[in-house]
Each structure stands twice: as C-alpha cells, then as structure tokens.
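**Q** Shown below is the structure under consideration.
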C-alpha cells in the first residue's frame with residue numbers, strides 16, 4: 001500500500017513539475033533549465049521507492065512534506081533549489 005501511494009505521489013509531483021517547466025522553461029536569473037535542477041530529486045525519490053524506504057538517509061536529497069528524512073534528520077534547504085537531510 002505504501003509503495004502504491006508513493007508511486008501515485010511521484011506521478012502527481014512529476015506532472016506538476018512538467019506543467020511548471022512548460023510555463024517557465026528557464027529560471028529567471030541563471031537561464032538554467034528546471035529539468036536539469038529537478039533530476040537529482042526525482043532520482044533520489046525513485047531510488048527510495050525502489051528500495052522500499054519510508055524515509056531518506058543523511059546527506060541525500062529530500063522534498064519537504066513529500067519525501068521526508070529518517071529520524072532524527074531534518075529536511076533543510078542547502079541552496080535555492082535543493083533540500084538535503086541534515087542532522
């Protein structure tokens with residue numbers, strides 16, 4: 001059941017991301033494609049689902065409120081587009 005919910009969540013996040021990328025092909029300040037910036041997050045999410053993890057390990061990418069860190073780690077912003085599990 002948890003894997004099914006995670007896959008559905010992945011599909012919802014991916015579709016929202018595709019819509020955001022269609023609306024804004026480039027970031028306003030750097031010109032970098034959003035697709036390039038989001039690839040590591042989706043890779044981390046897919047690996048977590050495949051391994052059956054319920055949480056993300058230390059120093060791995062996370063998504064606040066969607067892909068949480070293992071206790072006692074916290075999902076913190078490390079730069080303007082990435083969040084990592086720090087603790």
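Quick reminder: no glycine exception, Cβ is built from N, Cα and C everywhere.
As listed in Swiss-Prot for this protein:
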type     : residues : note
DISULFID : 55-70    : disulfide bond
DISULFID : 62-75    : disulfide bond
DISULFID : 69-85    : disulfide bond
MOD_RES  : 53       : pyrrolidone carboxylic acid
SIGNAL   : 1-20     : signal peptide
**Q** Of all the disulfide-bonded residues given, 55, 85, which has the fewest Cβ neighbours within 10 Å once its own Cβ is left out?
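**A** Result for the disulfide-bonded residues 55, 85: minimum number of other Cβ atoms within 10 Å at 55.
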**Q** About how far apart, in whole Å, are the alpha carbons (Cα) of residue 62 (disulfide bond) and residue 70 (disulfide bond)?
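**A** Distance between the two Cα atoms comes out at 10 Å.
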**Q** Counting only residues 6+ apart in the same chain, whose Cβ is under 8 Å from the Cβ of residue 75 (disulfide bond)?
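**A** Expected: 56, 62, 63, 64, 67, 68, 69, 83, 84, 85.
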**Q** By Cβ count within 10 Å, point out the most packed of the disulfide-bonded residues listed: 62, 69, 70.
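**A** The residue with the densest Cβ neighbourhood is 62.
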